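One structure is given here, and the rest of the page talks about it.
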Amino acid sequence: MNFHEYQSKQLLAEYGIPVPAGKVAATPDEAVAAANSLGQGPWMVKAQIHAGGRGKAGGVKFCKTTDDVKAAAAKMLGTKMATYQTAGVELPVNLVLVTTAGEIVKELYLSVLVDRGTKTITYIASSEGGVEIEQVAAETPELIHSLNVDFVEGVQGYHGRDFGFKLGLTAKQAGQFASIMVNLYRLFNEKDLALVEINPLAILDDGNLYALDGKFDSDDNAAFRQKALVAMRDKTQEDPTEVIASELDINYVTMDGNIGCMVNGAGLAMATMDVIKLNGGEPANFLDVGGGANKQRVIEAFKLILSSDKVEGIFVNIFGGIVRCDMIAEGIIAAVKEVGVKVPVVVRLEGTNVEEGKQLLRDSGMAIIPADNINDGAKKIVEAVKNAA
């Protein structure tokens, strides 16, 4: 789950990490009231969407007067915004964050994440903040510093001071940096986060460090014990189909292709998409119906797939270990009848009760195309979509 900037800053402040004073607003008048409550300007007005790159998209404005604040908020609120991080998708701007604006002396970068390669919580820091860290890594990798955290020792003050001196900070600033790192470690672990990125972590004209922007990503598997974080979820920022899928506890991700996929198991689902591409097709989605799939779940999966008008064919690829192939077949038949599927459907079944499942499909009288294996199924659905065009 992702968070808005204002939510991230609330969490940072809760853990003693300094952030500029700010208030969120839903109308231009609320934005003016927020600015007045923060004291004398200047202020920053920032569109709240689940994406970075807002500045280049017109979503971050420097304002010297409250009239400027009102105009900036009016221009952002109620619109939709796309950035280089949204892959062309426009996200609604329902809120703006109004903050105090200080003069930036230096921008740094700091993040903490789970490094699957080293199997540790890892800090990444750079003296080049305010830009994409991938760009820094490609152009000036020597400016990036990392720390793999020992789970027994955790993060200590000397780790932060060492980082701070590598980034060219003064002794006072290195001490502040150390405090931020230690507090960030507590936040990361106590809130079950998968990523915290502060970019920029800035030195302002008062000589102190402040988190000017924050990007958080939580571990969805820990949602059951993070009710306060779940309450922060903004479904308006998410793909509507993915929201419905999450409520049905179906793993679904929208993609750009035209071949819908219904598969059980994440690994098999990824392999299915790969084989479709190898055969010249483009998957329209990732959909893992799960090992505990039943007839109703299959029907709901079909509805999810066909909610996209881009889908021109469906490949069902099931390996019946826990799930029974005959039950999947019953679900497919019911789904085709209930949803009114008008695109080609290719089905590959293997595993428990596979012959019973295949017989049900044959006896259904429906134009369901059988496949012997994953490659055969991918070839058949790609060909069927081409022929139906």
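Numbering starts at 1 and runs along the chain as it is shown here.
Glycine residues also receive a Cβ, built from the backbone N, Cα and C atoms like all the rest.
Among the candidates N251, N258, N264, N387, the residue that Swiss-Prot names alongside G321, I322, V323 for the substrate site is N264.
Ranking the binding-site residues K46, R54 by the number of CB atoms within 10 A of their own CB puts K46 at the top. In this structure, the C-alpha atom of G321 (substrate binding site) lies 53 angstrom from that of E107 (ATP binding site). Counting other C-beta atoms within 10 Å of each candidate's C-beta, the binding-site residues I322, V323 are led by V323. If you take every residue in the domain 'ATP-grasp' (9-244) and average the pLDDT, you get 93.
Cα to Cα, G53 (ATP binding site) and I322 (substrate binding site) are separated by 44 Å. Rounded to a whole value, the Cα-Cα separation of N264 (substrate binding site) and G55 (ATP binding site) is 41 Å.
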